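Listed in TrEMBL:
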- 260-373: domain 'TGF-beta family profile' (DOMAIN)
- 234-266: region 'Disordered' (REGION)
- 1-17: signal peptide (SIGNAL)
Amino acid sequence: MLGTVLLLLALAKTACPSPASVGSRRAEALKKLLEVFGMEDPPAPPAHFKQPPQYMVDLFNTVANADGVTKNPDILEGNTVRSFLDKTHSEEMRFLFALSSVAKNEKILTAELHLFRLWPRVTEGPKRHHFCQVSVYQVLEKDKPDTPGGKKLLAARLVSLQTSGWEVFAITPAVRDWTEDESSNQGLLVTVQGPGDSDPPPLQFASGRGHHESKKPMLVLFTDDGRRGASLPTAGFPDLKPQVPDLPAKMPVPKVGRSRSTRSLDRLQPCQRHPLSVDFEEIGWSGWIISPRGYNAFHCKGSCPFPLGENMRPTNHATVQSIINALKLSEGVSSPCCVPDKLYSINLLYFDDDENVVLKQYDDMVAGSCGCH
């Protein structure tokens, strides 16, 4: 995957005599980059300025550093997190989320309903409540949700009335039903019941109307789309540990066109890692990508001369190949190549075609270290 990124950058930067040829090569390169990110076409930027849900921003900052590089591969469940806002905009506790953007090959791992609990109504005297029962139902019959067969209980618990803030309810079975049969999606019904009296319950949740965008009901899906990068062998490298490299926020892209003497000098330099900046604004993707603005992919460059020292992190095979090449024991055997021997994943936070905010993790996007293979 990293090799594809390097190739497309080279294509996009190479000077060509024909402007039409330059445009064609750039379009082909960007198409290949979209394939790396699992897309056919780039999502259209939101028509108007839109603030991403704070939950998704906080999740991105927990999972990734400022450059999008994964801090810990075990934080995220699956490799995709999707957020959806309620489409009903109703003052009633009925919610509907359009899930058409979820791909058929995505495996639903966990689905959560996020509701913002407002400060309760003030009650005085002995009837003052401390808890309310909140129940979340999957609606089975759109026009008859209150009938015995019109809904199915998904989650229920007591909620404190002493504070305000987000409440999260697991609703995975309902979302799995909806993704298998889109027509079965009749939405959700939330009920609030006080402790055994007929007074209106003091607990209220923010609805689609009359409340700030940041407090609107939200569905969050944790999914896995089946993409997994090829793991690099770590045998022989006991010092390789899962740590995030120190990535400069902005590094210049190396020029593709170089003199013959410069290329010869490169071959004399030992195998090592060099910066390679991928700037999303430069390639026209800043409108739909929220974070990061770009990242340092790094690339490996340099020679693997005989004898290979431990600092060049050679595999046993590379060591043997280096000996055969140096002693000319077999024709056509080249010296080992300088390539990444550790790769890191990056995370993108972006708007999809429906203006939902998505967090997606991509494997093998950053060269963590280089070695002779």
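Any Cβ shown, glycine's included, is placed from N, Cα and C.
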Counts by DSSP class (helix H/G/I, strand E/B, coil) across the domain 'TGF-beta family profile' (260-373): 24 helix, 47 strand, 43 coil
For the domain 'TGF-beta family profile' (260-373), mean pLDDT (0 to 100): 87
